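As recorded in TrEMBL:
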- A:18-118: domain 'HTH hxlR-type' (DOMAIN)
DNA sequence: CGGTATCCTGAACGATACTG
DNA sequence: CAGTATCGTTCAGGATACCG
């Protein structure tokens, strides 16, 4: 679980470390842009500009920031072709593709409960 | 899919509406606090204060805000007992519990790829 | 083309105080 | 106890400009 912090007895040292790392990764990944980027990449290899076109509404800055973060966490692989002008390609790693399934489950969930959500909103707003 | 916007021919009107709603819901839910709250609630019914204790590090304000949002989207049910002092209970709805599975998949994913991630980070940071 | 750096604005957030 | 409101700060994030 991510929510609960274990108490720090020496024996738990590894567990707490794992736990806090899990929490850290969770905070990294559980954000709109990161998940949209992962979804957009899919099985393809995309260049920076192409990727930006795929992720509706993302800014240059947010894209670079999130790509660095995803690369750091080993979700995205970045390949630089030292040509002029430079050609940089992004693709999901195996764990990245794996996580992408989760994103899809979230999308499925949205569509599945579409009416429930619409109804709840109408009731709440009115 | 959530990333791509359909072009607005009249026939697609419902689809684009559904799509933009999906995107909206996605933006609502794909955030750290919302997911942590959903995870923390689990199968239980919790009161405001209890819930706050469960979600490590969340502020009073963030908790209320996110709870309102989750209620609005029909993920959380809020029950007020008109006593003094008031007793307000929160629980996941069926769609909410359903989405919670997704959160767990994300957690599982984290643990599964733990070493990969740690390695990637070391390589990236050094 | 892709990336970094700088600046600037508005939103997110925390702290605090007040109400039923 | 739970919730709203207000204020002040911090920080995310957009715009712009410049480098490889």
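Cβ coordinates are placed from backbone N, Cα and C, and glycine is handled just like the others.
Because TrEMBL annotations are produced automatically, they should be read as predictions rather than curated entries.
Assigned with DSSP, the residues of the domain 'HTH hxlR-type' (A:18-118) fall into helix, strand and coil as follows: 66 helix, 15 strand, 20 coil. On the 0 to 100 pLDDT scale, the domain 'HTH hxlR-type' (A:18-118) averages 93 in the predicted structure.
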